[in-house]
Amino acid sequence: MVVMAPRTLFLLLSGALTLTETWAGSHSMRYFSAAVSRPGRGEPRFIAMGYVDDTQFVRFDSDSACPRMEPRAPWVEQEGPEYWEEETRNTKAHAQTDRMNLQTLRGYYNQSEASSHTLQWMIGCDLGSDGRLLRGYEQYAYDGKDYLALNEDLRSWTAADTAAQISKRKCEAANVAEQRRAYLEGTCVEWLHRYLENGKEMLQRADPPKTHVTHHPVFDYEATLRCWALGFYPAEIILTWQRDGEDQTQDVELVETRPAGDGTFQKWAAVVVPSGEEQRYTCHVQHEGLPEPLMLRWKQSSLPTIPIMGIVAGLVVLAAVVTGAAVAAVLWRKKSSD
C-alpha cells in the first residue's frame, strides 16, 4: 500500500478539519473517501466528503464534468478561491494515491483484475465540551472490511490481517503516525473551531423532534405502535418503549436515524402489542433540543394508518436517494466513536 504524504490528506491551507455542535457538547469533523475500481470502464471512481457533526459541508466526485471540491453548506462558501484550489488539488492527489493503493491491495490479496474493489478511508477529530481535542482517528477499509487503523494514542497502528501488516510496516518506516498526530492535534482542531464559528447558526443549534405515536393493526389480537420523531437536529436521539414502566426489547423495531433532506433528521421505533393493551405502552424520547425527556402514548385521535404509510414510503425513497448520492463514502463509519 502506498503511504500518503500529509498534503494528500485534505489538509486545508494551513487549517484543520473537525466536527460540529454547540460548545455545550462535543463536536466532530470527519472526512470520508471511497475509491471504487470498475474494470473495463476506465479508472476507479473517487468520491470524498467532509462532515462537521451531522452536516456535510464539502464534496468531490471524480465523475463530475469538472471534478472539484465543492461546498455543501452556506457557511463554507465564504472561503476564498485559494481555499477551493488547495482543496481540489489535495483531493485529486489523494484520489490518485488511492487508485494506486487499489492496485497494490489487489496484489496483496491475489485478486483478479476483472473484479471490482473498494478502498474506503476516514480521518477526523472530536472536540470535548471544553473545545479541546477529545480524540483523533484514521481508518482504512478494503472491500467493506477493516484494514488498517490509527490507534487511540495516535502513535501506532492496528492491522486487520497479514496484508495490512505490510502497510503497517510501511507506515511505521515513514513515520506516518507522527504526521497524522500533528494534523489531528493541530490543523484539524483549528479548522473545526473555525467552521463552528462561521456556521454557528446552523451547526450549534438544537431543533427538538416533533413526535407522535401511530397505531397499525396487524391481526385481530395484536397491533403495532410506532413512535415517530421528525425534524430534529443534531442526529443523536434515543427512542425507547416501556410497558408498565419497564423497558421493552423484544418485538421492538428501531430504524437508523435518517436525513430528512432539509438539514434535519427522522427516526421511529415500533413495538408489537396485544390488542386492547395499547395504553400500557409508553414511548420515551431523549434529545438535546428537549428541555426534558418526552413520554408519549397512543391516542385514538392519532393519524390513521394510510397517511402514515405514505410517510414510510417517502422515507424509504428519501433514504435511497441520499444513499445513492453518498455512494460508498459513507457506508463505513465504524469505530468513529470508539
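Glycine too: its Cβ is placed from the backbone N, Cα and C atoms.
Sequence annotations record features per position, and here Swiss-Prot assigns peptide antigen binding site to Tyr31, His94, Asn101, Tyr108, Ser167, Lys170, Gln179, Arg180, Tyr183, Tyr195 based on experimental evidence. Following the DSSP three-state reduction, the secondary structure of Tyr31 (peptide antigen binding site) is strand.
Residues or ranges marked as disulfide bond by Swiss-Prot: Cys125-Cys188 (among others). Look at Cys188 (disulfide bond): DSSP puts it in a helix.
Cys227 (disulfide bond) falls within a strand when secondary structure is assigned with DSSP. Annotation source Swiss-Prot lists disulfide bond at Cys227-Cys283 (among others).
The N-linked glycosylation site annotation in Swiss-Prot covers Asn110 and rests on sequence analysis. DSSP assigns Asn110 (N-linked glycosylation site) to coil, not to a helix or a strand.
The region 'VL9 epitope' annotation in Swiss-Prot covers 3-11, and the record cites experimental evidence as its basis.
Annotation source Swiss-Prot lists region 'Connecting peptide' at 299-308.
According to Swiss-Prot, the topological domain 'Extracellular' annotation covers 25-308.
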| message | Let's check the environment of Cys188 (disulfide bond): how many other CB atoms sit within 10 Å of its CB? | response | 31
| query | What is the Cβ neighbour count of Asn101 (peptide antigen binding site) at a 10 Å cut-off, with all protein chains included? | reply | 22
| message | For the peptide antigen binding site, please report the maximum Cα-Cα distance among Tyr31, His94, Asn101, Tyr108, Ser167, Lys170, Gln179, Arg180, Tyr183, Tyr195 in Å. | response | 39
| field | Euclidean distance between Cα atoms of Cys125 (disulfide bond) and Tyr31 (peptide antigen binding site), Å | value | 10
| message | Please identify which of Asn110, Ser167, Gln179 has the densest Cβ environment, defined as other Cβ atoms within 10 Å, among these recorded positions. | response | Ser167
